[in-house]
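What TrEMBL annotates here:
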DOMAIN    6-42  domain 'Cadherin'
DOMAIN    43-156  domain 'Cadherin'
DOMAIN    157-264  domain 'Cadherin'
DOMAIN    263-374  domain 'Cadherin'
Amino acid sequence: MESPKYELVIEAKDMGGMDVGLTGTATATILIDDKNDHAPEFTKKEFQATVKEGVTGVIVNLTVGDRDDPATGAWRAVYSIINGNPGQSFEIHTNPQTNEGMLSVVKPLDYEISAFHTLLIKVENEDPLIPDITYGPSSTATVQITVEDVNEGPVFHPNPMAVTKQENIPVGSVVLTVNATDPDTLQHQTIRYSVYKDPAGWLEINPTNGTVGTTAVLDRESPFVHNNVYTALFLAIDSGNPPATGTGTLHITLEDVNDNVPSLYPTLAKVCDDAKDLRVVVLGASDKDLHPNTDPFKFELSKQSGPEKLWRINRLNNTHAQVILLQNLKKANYNIPISVTDSGKPPLTNTTELRLQVCTCKKSKMDCSASDALHISLTLILLSLLSLFCKCFAQL
């Protein structure tokens, strides 16, 4: 906005102003530079505001009057809170268009702590007042703030919750009892609990007392368990109208139990019938459990039938062993039963058949087709012989 100005037209005549004299005119422009000679004054001594607990934002606009030139530093207002804001829950800023003071809640208020707040606000100008002009009582105002109660959701203590349990504990075991309280202490509401997210479907909760129990076996090796931790969410719902809900997180750290047998790999190997290197294959073992329920593994061959042994197994390290032929074999398929045992207490054993294909090899080509009759495992041979013996005995 332009500063106020006055324009004066000045006329000059020679020859003492006689009519026969010459006349000249000039225009003088006088600009009025406003000084801050009026203090801003609130339009009323007390303002009222109402805000719901838990809410932030502008709650009231404070209006002032100032007789100085608008849009100048002598007119622009600067607001400050001089009393009633120990927790720094409120802030006030100037609206650059209206010059009003925008009072805001910047930290959510709690009805249960205080339902009323009284602030003392001061207003000044950007520019200092001229000497002999001071800010008077009208440059301060009171703001009375009423906080409205809102039904807040229950709060879990602690949150998140953490427990440690062995996997495979019996179904129906108690995991823990959760605890949630209602911030609305003046409303005397009741709380009910429910399961919100239970990815594996292992848990239940007593709706009244918050006791969490198992409905299925906890399995550390489950895909729902990450880094040995199973996570579930629970709800605490109050009896308000409408009801409010709080969410609690439970982390269950699962301790390992030796409940997985080791597995053997690979289960297929090929060798030439005239091979000079009779080291057929290197076998590895793995276990889903954790140490010490895994390696070192023990590798063993089941007893071999016939007058002579055809192969042996040598341990290479804690997790690997090597199958070695003791002689060249004719072209055929052989099933070699191999047992691997972990180091758990008690240890677990798994028997796997290694399928060995003895093939003809000519000109760097391996032919494993049209093999001779299948050589089955010692276990199947014994079962067949036992079945035949039983039939013969029954006929007698």
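Cβ atoms are placed via backbone N, Cα and C, with glycine included.
Break the domain 'Cadherin' (43-156) down by DSSP state and the numbers are 3 helix, 53 strand, 58 coil. Note: the domain 'Cadherin' (157-264) comprises 0 helix, 50 strand, 58 coil (DSSP; helix = H, G, I, strand = E, B). Secondary structure by DSSP for the domain 'Cadherin' (6-42): 3 helix, 19 strand, 15 coil.
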